[in-house]
Amino acid sequence: MKNGSLSLCTEFTLVAFSSLAELQLVLFVVFLVLYLFTVGGNLTIICVIWTTPSLHTPMYFFLANLSFLEMCYISSVVPQMLVHLLVQLKTISVAGCAAQMYVFTILGLTECCLLATMAYDRFVAICYPLHYTLRMDPSVCLKLAGASWMTGILVESAQTTWIFTLPFCGAGTIQHFFCDIMPVVKLACVDTSQNEIVIFIISFIFIMSPCLFILCSYVRIILTFLKMPSAAGRHKAFSTCSSHILVVSLFYGTALFTYLQPKSSHTPDTDKVTALMYTVVTPALNPVIYTLRNKEVKEAFQKVTQRKLHRQRD
C-alpha cells in the first residue's frame, strides 16, 4: 500500500531464529516440551484446587487465576513461534500482530495486578489474621480478581490501539519471535519519541505501582514475622509466602528490565533473551514452584493421584 512516497507494511516478518537454521528443529522440540509442560502443569494446579475443598480459600482462588492466566499468556506467543520454527515464510499480518499484542499485553498487565492482589492476601492473612475471613470473603476476592483483569484490558487495549495507529514502512522485519511492543514501534516510519515516552510512563505506572505495593506488603509482613514469638510460627507464615516471592522475583525482574529501560539500551539479542524468560521460562517454572514449595498443594495432588489410582484398580 502506498502513502505518498512511503510503502506501508501489510505484514511483518519475524526473524528472531532465522540465523539458527540448523537448530530450528531442536528449538521446536525444546519449546514444544516446555509449552506442553507449562499448560499441563498449570491445568493440573487448577484441577487440584477445584477438586480439593480444603484449598477453596482466597490464596488458592488467586493461584488458580494465576495458573489460568499463565496458560493463556504462553499460548499467546509459543504456538505461533513453533509454527515459524517449521516453515520458511515467517510472516504475520499487521492485524494478526495487533491481535497478538492485545492479548499478550493485557495478560501481562493483568498478571502484574494479580501478583499484587496475592501479596495483599498474604498481608491480610499474616498481619491481620483475626480479620482475614471478613476482609477476604468470596465477594472481595471476586472484585479484586475482576479489577486485575479490567485494569489489564482497559489500559493495554488503549495502548495497543494507539501503537497500531502508527504507519509501518519498509520491509517490516521484526528482530523478534513475537509482536512485542518495542520491536514493533521501531518499524514506524514517523518520529516515535512521544509514543516511547508515553509507553515508558504507562509501563512505569502500571508495572511499578503493583511492584511497590508488593514491596510495601512484604515489609509489613517481615515486621510481623519479627514480632512472632516462636520460630515455628515464623517458618509456617513464611512458607505461605515463599512461592509468591519467587514468582514475583522472576516476573518483575524480567518485566522491569524489558519495559523500563530506554530505547537506546534495547538490542535484538537482549530483547529475545529477556522475552524468552518471561514468555516461556517463567510460566514453565511457576507450576514447579507452587507444587514443590507448597505443602498443601503437594498433599492435595498426592490425594487426587491416589484417588485416580484407586478408581482405575476398581
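Cβ atoms are placed via backbone N, Cα and C, with glycine included.
Pulled from TrEMBL:
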- 25-50: transmembrane segment (TRANSMEM)
- 41-290: domain 'G-protein coupled receptors family 1 profile' (DOMAIN)
- 62-87: transmembrane segment (TRANSMEM)
- 99-120: transmembrane segment (TRANSMEM)
- 140-158: transmembrane segment (TRANSMEM)
- 197-223: transmembrane segment (TRANSMEM)
- 244-261: transmembrane segment (TRANSMEM)
- 273-292: transmembrane segment (TRANSMEM)
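Within its own chain, the transmembrane segment (140-158) is flanked in space by residues 58, 61-62, 65, 102, 105-114, 116-117, 120, 202, 206, which lie at least six positions past its ends and keep a Cβ under 8 Å from the stretch. Of the candidate ranges 25-50, 99-120, 197-223, 273-292, 25-50 has the most C-beta pairs within less than 8 angstroms of the transmembrane segment (62-87). Beyond the ends of the transmembrane segment (25-50), by six or more residues, the same chain brings 17, 56, 60-61, 63-64, 67-68, 70-71, 74-75, 78-79, 81-82, 85-86, 280-281, 283-284, 286-288, 290-291, 297, 300-301, 304 to within a C-beta distance below 8 angstroms of the stretch. Remote same-chain partners of the transmembrane segment (197-223), defined as residues 6 or more beyond its termini with a Cβ less than 8 Å from a stretch Cβ, comprise 109, 112-113, 115-116, 119-120, 122-123, 126-127, 151, 155, 159, 162-163, 181-182, 185, 237, 241, 245, 248, 252, 255-256, 259-260, 262. A Cβ distance under 8 Å defines the sequence-distant neighbours of the transmembrane segment (273-292), meaning residues of its chain 6+ beyond its ends; these are 31, 34-35, 37-38, 41-42, 44-45, 63, 66-67, 70-71, 73-74, 77-78, 104, 108, 176-178, 180, 243, 246-247, 250-251, 254-255, 257-258, 298, 301. In the predicted model, the domain 'G-protein coupled receptors family 1 profile' (41-290) has a mean pLDDT of 87.
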